[in-house]
């Protein structure tokens, strides 16, 4: 199959490209310079040149705080861009896997993960624009698309919380880390594998479509994640001290709870996502190697 990946220069986009090429797929890896998803002309050129069977949209405006001051720009990229891609996919008979976020939910404290069909209620400009993108994709391409929500991503490419903790462990005696936000630390490589699986499934007759959650299983706070990073590199986890979100005020509120349920994976025949600790244990040597370069 022929694949086209937008946002291919980002953390997740790079991993999706590597995963697909590792499977022997033909991949057009396009960053913003090669494909502006808000431009009909740019999209038309890309589809005409690459004739994709499956498009993976990793392009997004992800500056959560900046979106509070520039929601219009965020909406162009996160809402109007996905609609344009979905229309192009429909015109060319392609499938679309669109990446979204936990920020489409209200993020209020709760005791169980959000199921895929839980009512959305974004509290930030970023969340509103990402929800607009989800709705556009499902409206324009209802039976030939998958929306993949993920959260708390870390990876080898680009900045992430895990990479920052590794760097600070080497420089500071103690760290104060937020302990009142819960979520699912998720390795971008695991999400890339799910996206590749879903894209292939979408090309089959009667395949599952719609919304899926691609996060690790289990839950942690940022403080618990930081302590696990310290433990895995042989440092004292008690050097990480818990604090509250109030100690780090931000323009956009952060969700108190971000865990996502995984019920729909049963429809695909794929196993549920693995536990976040198992993934972190595998990922950390790769991230440390990248940090050392």
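Cβ coordinates are placed from backbone N, Cα and C, and glycine is handled just like the others.
Note that the coordinates shown come from a computational prediction; the quantities given were computed from them, not determined experimentally.
Taken straight from TrEMBL:
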type	residues	note
COMPBIAS	242-259	compositional bias 'Low complexity'
DOMAIN	1-286	domain 'RmlD-like substrate binding'
REGION	242-272	region 'Disordered'
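Outside the region 'Disordered' (242-272) by six or more residues, the chain places 64-65, 67-69, 102-103, 105-110, 112-116, 123-126, 149-152, 176-184, 194, 197-198, 201, 208, 210-213, 215, 217, 219, 221, 223 with a CB less than 8 A from a CB of the stretch. Broken down by DSSP into helix, strand and coil, the compositional bias 'Low complexity' (242-259) contains 3 helix, 3 strand, 12 coil.
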